[in-house]
Amino acid sequence: MTKKIAVLAGDGIGPEITAQAVRVLDVLVRDGLEVQTESALVGGAAFDAKGDPLPDETLKVCESAQAILFGAVGGPAYDALPRSSRPEQGLLRLRKHFDLFANLRPALVYPELAEASPLKPDLVAGLDLLILRELTGDIYFGKPRGIHVNDAGEREGFDTMRYSESEIRRIARWAFEAARKRNRRVCSVDKANVLETTQLWRDVVTEVARDYPDVELSHMYVDNAAMQLIRRPLQFDVIVTGNMFGDILSDAASMLTGSIGMLPSASLNASGFGMYEPIHGSAPDIAGTNRANPLATILSLAMLLRYSLDQEAAAVRVEQAVRKVLAAGARTADIARPGEKVLGCSEMGDAVVAAL
Ligand code: NAD
Ligand code: IPM
Ligand code: MN
């Protein structure tokens, strides 16, 4: 049976980068992969056309698909809209709707790119770190939240950090299971010295660890973790953390690999349905100029092939094509060193397609 992938390009550089991933997919289809794509609107593009960042039609397309390939959403034109109309809500609602609680953000340093990191090459060479970010809870979704006028008569903003035991337990299990397939080390990142929610996080992760005596568990406060990621990133194997800390730490970790344009992600639920997207945003500063790095999106497609379509060979083929173009010196502006030849987004797509 031909499987369907919903393609949600979104805003800014979203259409440019997803177009390159779809070209890669087209090659695989030409070679026999039984997959079809269906595009749908999301984010600001959907708000402009339908008045809603996640229209019902889009949700239907996603529900009828095996997986979602997502570009990026957002942009300054939408920042003054009421929150429920903003592009980012389209993304957050998709994550919640499909219960995509497990967000895998692997930071891998390709040997060819060790020089592209702002850190010294020997600090990052060989890095293979998995950030496992909880994606459907925390201060992102906790209630109450809002802006009101307080008793002193001034405006006051408030959000609620919230995690239930079961939410923590299921992401902790993911972390230990993932570590078993890797180097058997889990570092749980929290702020248990200050925040009750993350004290519970630490307690529950420690309880779950009893079922995994073969995996080494450590705990780290988030401020120290941010520092340690830069000081000695090779100490980490799997980092498991909540929604907000994971958002911030993964952007920081992306620079270890050379650029945020290199980091893919998979967001999965308990039944294996997934959404796949680069961790970066819509990059309004370079949108429409063919300067974006499409590799994070192409590598997200590889994760889609692996986790949602069970096409390991095709996933490896895509990853190897990326390695090959990097080894051959193909560089978009974000990963180029001074004086190096710079490719545009579509030319990087050409290179990967040729390398397949
Ligand atoms: P951003 O990730 O869009 O951009 C940060 C910086 O990184 C910019 O200088 C940008 O040019 C650069 N960059 C990002 N991706 C790149 C790529 N593939 N190649 C080369 N350079 C790249 O973050 P921001 O500027 O804080 O946010 C811009 C908009 O994107 C906001 O509306 C934000 O809400 C949204 N956003 C969306 C997502 C998503 O859709 N998943 C993620 C993050 C931010
Ligand atoms: C990401 C983004 C999103 C997040 C925004 C756009 C809602 O920054 O995917 O990392 O904060 O999760
Ligand atoms: Mn982010």
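Every residue number used here counts from 1 along the chain in the order it is shown.
Cβ atoms are placed via backbone N, Cα and C, with glycine included.
TrEMBL: automatically predicted annotations, no manual curation.
Database features (TrEMBL):
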DOMAIN    4-352  domain 'Isopropylmalate dehydrogenase-like'
BINDING   75-88, 281-293  NAD(+) binding site
BINDING   ARG95, ARG105, ARG133, ASP223  substrate binding site
SITE      TYR140  site 'Important for catalysis'
SITE      LYS191  site 'Important for catalysis'
BINDING   ASP223, ASP247, ASP251  Mg(2+) binding site
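Cβ packing within 10 Å was compared across the binding-site residues ASP79, ASP223, ASP247, ASP251, and the lowest neighbour count falls to ASP79.
Note: the CA-CA distance between GLY75 (NAD(+) binding site) and ASP251 (Mg(2+) binding site) rounds to 18 Å.
In sequence order, ASP11, GLY12, ILE13, GLU16, GLY75 constitute the residues six or more apart from ALA287 (NAD(+) binding site) in its chain with CB-CB distances below 8 Å. Within 10 Å of the C-beta atom of ALA283 (NAD(+) binding site) sit 24 other C-beta atoms, taking all shown protein chains into account.
By the rule that a residue counts when its Cβ sits under 6 Å from some atom of ligand 1, the binding-site residues GLY75, ASP79, ARG95, ARG105, ASP247, ALA283 yield GLY75, ALA283.
For ligand 3, the binding-site residues lying close by, meaning a CB under 6 A from one of its atoms, are ASP247; the full candidate list was ARG95, ASP247, ALA283. By the rule that a residue counts when its Cβ sits under 6 Å from some atom of ligand 2, the recorded positions ARG105, TYR140, ASP247, ALA287 yield ASP247.
ASP251 (Mg(2+) binding site) sits 10 Å from ARG105 (substrate binding site), taking the Cα positions as reference. When secondary structure is read from DSSP and collapsed to three states, ARG83 (NAD(+) binding site) falls in the helix class.
Here the recorded positions are ARG133, LYS191; the one with the fewest Cβ atoms within 10 Å of its Cβ is LYS191.
Across the structure, ALA283 (NAD(+) binding site) and ASP223 (substrate binding site) are spaced 26 Å apart at their Cα atoms. Other residues of the same chain near the Mg(2+) site, with their Cβ within 8 Å of the Cβ centroid of ASP223, ASP247, ASP251, are VAL222, ALA226, MET244, PHE245, GLY246, ILE248, LEU249, SER250, ALA252. For ARG105 (substrate binding site), the nearest of the recorded positions ASP79, ARG83, TYR140, LYS191, ASP247 in terms of C-alpha separation is ASP247.
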